[in-house]
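Notes follow once the structure below has been shown.
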Amino acid sequence: MGYNATDGLFYQELTPIGGSIAGSFFVGAIPIVVVLVFLGAIRLPAYIASFIGLVVGIFISIFAWHMPAQLCFLSIAAGFAFALWPIMWIVVNAMLVYNLSVHSGLFDSFRRWMIWYTPSDRRILLLIIGFSFGALLEGVAGFGTPGAICSSLLVQLGFDPVQALVLVLLFDTTPVAFGALGVPVTTLASVTGLPAKPLSAMIGRQLPLFALFLPSYAIVILGGWRSLLTCWPASLVSGLSFAIMQGIMSNLVGPELPDVVAAIVSLICTITLVQFWKPRDHADWAAKYTLVSAEDMAAMGGNKVEKTNTTNPAADGDLGRLEYGGRPAEDGNLNQLDNANANGYEDKTELGNGELGNSYVEENRNACDAQTNNVPKNVDQDADGPQVHAIEMVGAEVDPRGRKPNLWESILAWYPWISIAVLVIIWTFVGIANYGAKSIPIQGLNNQVYLTLYNKKYAALYAFQPLATGTCILCSAILFFILLMATGHKPIILWWSIRDLFHQLFFPIITVMFIIALAYLFNYSGIAYSMGLALSSVGKAFPFLSVFLGWIACFLSGSDTSSNALFGNLQVVAARQIGLSPILMAAANSSGAVMSKMISPQNLTTGVSTIGLRGQEGKILRRTFFHSLILVSLLGALNCFEQYVIPGIIPPA
């Protein structure tokens with residue numbers, strides 16, 4: 001096989017390595033292993049590791065799978081296009097909303113709302129923000145946005161940045177199959193020819209079981225079994241409410257709303273519970289405002305926070321907040337000023353190479369001494385000047401939680417996230433994304449590859465939707481900006497927010513382009529199908545290994561949707577050959593894919609973009625890889641149990 005000069009087609013070779021299925025599998029897996037090793041072991045930044053993996057993939061595609069070089073680079077170009085639109089288009093606009101929230105000060109209001117209306121317990125905040133709120137973001141946007149936004153909020157509530165992102169990525173599993181209003185499931189239905197509702201129902205008979213125990217699992221990771229013993233009611237309510245609603249909606253309604261409804265119900269149930277109950281050791285887990293380095297604040301979209309109140313903070317009980325221009329500290333370094341001495345200050349600042357120096361602390365004190373009650377005043381800054389630092393100051397008359405948000409502030413704090421959810425739901429059900437949509441053939445690649453496994457030509461069509469979900473989120477950002485202008489904020493915050501997008505997402509965009517290009521190369525060269533064929537040849541063990549097909553595909557693409565497009569139909573073909581349920585195996589592909597979201601370079605690089613850990617994706621990977629393997633193995637065991645022990649649970653096609 002290979003290139004045929006007679007008909008001009010490239011025929012994919014399924015066993016190019018000496019005719020061996022196993023040999024072809026292991027050679028095909030080399031680019032994946034390269035990415036993992038360079039990212040996790042050698043600790044290179046994700047964009048470099050992904051680039052090296054892509055280069056290795058090019059050599060293997062051309063010299064082992066005998067793919068013509070022209071087709072090779074055209075498939076890479078197709079991957080670049082898909083990475084930019086629609087995937088990163090969604091992320092860019094979601095991050096624009098986040099940046100506007102940060103620069104307007106509403107993100108701080110959102111944080112203060114969490115502290116005032118929930119117990120100031122990091123475990124409770126983790127459940128509300130990381131699990132329930134993160135699931136809501138995944139349900140309406142997906143593509144890594146929960147990792148970026150939720151981890152930033154947790155860091156500002158006293159979490160270690162690495163710990164915050166690891167836990168948020170761990171949570172961003174069970175909602176993923178129904179993310180972006182069910183796009184992964186509808187994609188799975190389209191590529192397999194199976195009805196969407198039975199697929200949704202089957203996934204809803206797997207993932208809710210993990211959602212039930214995932215909050216408790218995360219609490220144990222955070223603080224050990226002892227922390228769970230005092231916090232189990234909250235973790236149970238959070239997980240149980242989400243699991244029940246996800247199961248009901250996926251089985252009775254369809255794939256569009258399980259995440260959104262389950263996340264909202266979980267939020268309401270958890271927040272309601274903690275109004276009447278709180279862990280007895282909550283004081284040991286108290287959340288704190290944290291002062292981050294200037295460079296980290298820049299990464300969080302916090303170069304500047306607009307001053308909205310220059311009155312004496314002590315007069316209205318506000319938390320002492322100092323806006324000060326300091327020089328950047330070392331990347332990834334959290335700086336925190338706590339309060340203990342007689343003046344209300346204790347310097348616990350850890351400085352990067354001493355760059356901020358003693359003058360920084362001295363000016364903090366001078367600024368505070370200028371106010372009564374040792375509360376700092378707002379220090380003026382021009383539009384192009386200093387960085388901003390939020391400092392926790394506690395005096396005799398200042399509540400450590402900050403000023404309690406009033407009703408209007410609470411509405412504004414929640415507005416951007418609720419508006420995105422509502423607008424995306426309307427956008428999806430009205431079908432606005434279909435207007436102006438075009439299917440553009442990729443010249444030189446379209447129908448130039450022959451899918452040997454399926455005995456048909458491989459279409460290469462770029463589905464361009466100018467009104468895709470990312471555009472919907474952009475509309476939400478525009479409405480949010482108009483609201484900010486109407487409430488007295490300055491237009492400059494839009495420039496600050498757009499400027500920060502470049503710093504936050506330049507390297508994530510490059511990383512996603514490289515990793516999606518590698519996924520496309522796997523598709524069109526035939527490597528993906530060789531690996532899939534190898535796993536499908538194991539017979540009765542296939543239900544266990546089938547979840548690893550989705551796991552591998554999502555690692556490459558960072559997307560459950562792309563995973564289903566890649567291996568969904570292969571699962572069905574293998575299931576029919578072995579005599580297994582096509583519905584179960586197709587659903588297992590989607591369920592298995594969600595377990596590798598936490599290790600995908602796309603999600604890692606997006607996640608670190610807001611917490612000052614850029615280039616340290618390998619540190620996160622080393623923390624999440626073990627959990628990913630545990631969860632996907634448990635899912636494989638569940639898949640076998642449902643196929644061989646309780647097959648009646650599988651809905652009919």
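Cβ atoms are placed via backbone N, Cα and C, with glycine included.
Annotations in TrEMBL come from automatic prediction, not curation.
Here's what TrEMBL has on this protein:
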TRANSMEM  20-39  transmembrane segment
TRANSMEM  46-67  transmembrane segment
TRANSMEM  73-102  transmembrane segment
TRANSMEM  123-144  transmembrane segment
TRANSMEM  164-186  transmembrane segment
TRANSMEM  207-226  transmembrane segment
TRANSMEM  260-277  transmembrane segment
TRANSMEM  414-437  transmembrane segment
TRANSMEM  458-485  transmembrane segment
TRANSMEM  505-529  transmembrane segment
TRANSMEM  541-559  transmembrane segment
TRANSMEM  624-646  transmembrane segment
Non-local residues, at least 6 beyond the ends, that sit with Cβ under 8 Å of the transmembrane segment (541-559): 32, 87, 142-144, 184, 512, 515-516, 518-519, 522, 528, 531-532, 535, 566-567, 570-571, 574-575, 578, 580, 584-585, 588-597, 599-603, 628, 632, 635-637, 639-640, 642-644
In contact by Cβ distance (the transmembrane segment (20-39), the transmembrane segment (207-226); 3 or more pairs under 8 Å): no
Stretch with greatest number of CB pairs under 8 Å, the transmembrane segment (73-102) reference, 20-39, 164-186, 505-529 candidates: 505-529
Surrounding residues of the transmembrane segment (123-144) on its own chain - C-beta under 8 Å, 6+ positions past either end: 87-88, 90-91, 94, 114-115, 150, 153-154, 157, 159, 164, 167-168, 171-172, 174-176, 178-181, 183, 214-215, 218-219, 222-223, 227, 231, 234-235, 238-239, 242, 258-260, 262-264, 266-267, 270-271, 274, 278-279, 282, 285, 287, 417, 420-421, 424-425, 469, 473, 558-559, 602-603, 606-607
For the transmembrane segment (505-529): best-contacting stretch of 20-39, 46-67, 260-277, 414-437, by Cβ pairs under 8 Å: 46-67
For the transmembrane segment (414-437), sequence-distant contacts whose Cβ falls under 8 Å of one of its Cβ atoms, 6 or more beyond its ends: 94, 97, 100-101, 106, 110, 113, 133, 136-137, 139-141, 181, 256-257, 260, 463-469, 471-473, 475-476, 479-480, 483
